[in-house]
């Protein structure tokens, strides 16, 4: 048995356990605690790949293990959280909408696994952990868009995860964003921050979300490409 392989796989498994615990907490109405467990899962997920590379044990098994755990922690757990927090009034439609978030996260992770192209400087589609963080910070901030607003937010993030909208990877290899959409996004975020400072975690993630969308619209309208 290769005990070194157990380290990153155990970290991935721990992330999945945190996701399952978050689901239980959401079902009990412990929304803040459920959200925090998802954030802890995000932190754990950021460590498993690094551990595998550090120990020289990266491989297909670890990649698949990581994706399965991510579907639980960043697909299912946030879906249950957002449904129990703000979509129950919509009944069956609320269940369908929250389930579509899980579907979007699953598609995003599957595409990531089969995408053999080397993409530098950005993610194609919002990463599943980032999508989860949008909903998590929405809950933690106590921000309320109402059932319909919450449904729209959930569907938007679900769509963005499996879209071709580009988001920066913050690894210093380039930036696909143009100045105009970035400035506009920051202006919107700043306005939200001034009017609802207590909701700053969600505002940061919301600004990140719309920045990618506005950048995609800008590219579509102007016909420009990154680097121009």
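Cβ from N, Cα, C; glycine included.
TrEMBL labels come from automatic prediction, so no person has curated them.
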Given ranges 49-67, 68-86, the stretch to which TrEMBL attaches the annotation transmembrane segment: 68-86
Same-chain residue ranges lying at least 6 outside the transmembrane segment (68-86) that approach it to Cβ under 8 Å: 12-13, 15-16, 18-20, 22-23, 26-27, 29, 31, 34-35, 37-38, 41-42, 45, 94-95, 97-99, 101-106, 109, 128-129, 131-132, 135-136, 138-139, 144-147, 150, 154
